[in-house]
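Asks: Questions regarding the structure given below will be posed in turn.
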Amino acid sequence: MGGETRRTSSSIIGCTRLFSKLKPYVCMVSLQFGYAGMYVISLVSFKRGLSHFVLPVYRHAVATLVMAPFALLLERKTRPKMTLPIFLRIVVLAFLEPVLDQNLYYLGMKYTSATFASATVNILPAITFVMAIIFRLERVDIRKAASQAKVVGTSITVSGAMIMTLYKGPIIDFITWHDGSHSKSTDASQDQHWVSGTIMLLAACCGWASFFILQSFTLKLYPAELSLSALICLIGMLEGAVVALIMERDMSGWAIGWDSTLLAPVYAGIVCSGIAYYVQGKVINERGPVFVTSFSPLCMIVTAALGAIILAEQVHLGSIIGAVFIVIGLYAVVWGKSKDRKALLAAGTTGPKANTHDLLPVTTSCNAGGDEDVKTTQIEHLNSSNRDTLP
């Protein structure tokens, strides 16, 4: 009897550990399906007259209403004290993603397509890596295979983005039963705005990468994911409203009805702002920002399928070639990151609450000075975090 009890207990413990390991993967895969649906629904709402400046305002109003009650109830005892430096960081976070990223992204998506827009997101890890080097958050030792993979992967990813921007190529019809007249009527307008739309999408990715970097900093000072998500949505709504009032003078662009113009802000606000900010914050705390961005190719595949079926979108050869380059480069960067993580695990510097990304907010590589330097950095960071969270 005792043996059966021990076996049952061991099985439960094993399942719990397995679920704990798989949870970040399940969360991020689920988010990619959520983002894919948002791209398609948003583009439909634009075609029905909703302004791309107005959608982020409605989206974050919905997200605030959904997230604020949970933040007030669940984190009332654990929420750190708000200080001016933390508040200013939240204001910048609310500008980078809800305002800058989303406005540029929606406009770029209108000028290109939902499939193309989702493909450009794959350059996000490479931009994050480059920004980390610029701000001296990433140390690159070109003699190590992990650093070589990250540098080469970043170069390949940028090359793929350039191909998508400069080379359009012939149309590839994966699904041939849609109406061909619609394709012909939209081709001229897409040609006219293709380059400018691509530049806007790349600029949006830069804003999104900056958001992830600053979010990882802010979570160390304000480790309350629900409250942080609600505050970002609230301030982002206010900042976005100012931009929308300036840019969108036609009040018809603010009108919503019982169709996709209502579904888009509700769906995007709940799934892609409220839930996504919270889930990404939790996963960033556990695995780091680069892990969060490594699942974007799945979103591209799902969006391509939905776009071809629902929107009858055209997929061009240049987009496919560029996307393949971007995915190859993306996983080269992710492989380099995984090698860094394994090296730190082998050195015994990570624990349940001290993951590799704690050493550097964005990306982490082994210090060429040896294990002692890494351990010293780890201890200093944990001590500073403990001081920051004291009441």
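Yeah, the Cβs are placed from backbone N, Cα and C, and that goes for glycine too.
Keep in mind the model is a prediction, meaning the values are calculated, not measured.
From TrEMBL, here are the annotated features:
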type     : residues : note
DOMAIN   : 28-146   : domain 'EamA'
DOMAIN   : 196-334  : domain 'EamA'
TRANSMEM : 25-45    : transmembrane segment
TRANSMEM : 57-74    : transmembrane segment
TRANSMEM : 86-108   : transmembrane segment
TRANSMEM : 114-137  : transmembrane segment
TRANSMEM : 149-167  : transmembrane segment
TRANSMEM : 194-214  : transmembrane segment
TRANSMEM : 226-247  : transmembrane segment
TRANSMEM : 262-279  : transmembrane segment
TRANSMEM : 291-311  : transmembrane segment
TRANSMEM : 317-335  : transmembrane segment
Asks: Please spell out the DSSP helix, strand and coil residue counts for the domain 'EamA' (196-334).
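Replies: Going by DSSP assignments, the domain 'EamA' (196-334) contains 119 helix, 2 strand, 18 coil.
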Asks: Does the transmembrane segment (114-137) reach the transmembrane segment (149-167) with at least 3 CB pairs under 8 A, where each pair is 6 or more residues apart?
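Replies: Checked: the transmembrane segment (114-137) vs the transmembrane segment (149-167), in contact.
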Asks: If you count every Cβ pair below 8 Å, which range out of 25-45, 149-167, 262-279 shares the most with the transmembrane segment (317-335)?
Replies: 149-167
Asks: Same-chain Cβ contacts of the transmembrane segment (226-247) under 8 Å, 6 or more residues past its ends?
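Replies: Here the qualifying positions are 51, 53-54, 56-57, 60-61, 63-64, 67-68, 70-71, 74-75, 79, 90-91, 93-95, 97-99, 102-103, 215, 218-219, 254, 269, 273-274, 277-278, 281.
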Asks: Going through 25-45, 149-167, 194-214, 262-279 one by one, which has the most CB pairs that fall under 8 Å from the transmembrane segment (291-311)?
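Replies: Per the Cβ count, the answer is 25-45.
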Asks: Please work out which recorded stretch in 25-45, 149-167, 194-214 has the most C-beta pairs separated by under 8 angstroms from the transmembrane segment (262-279)?
Replies: 25-45
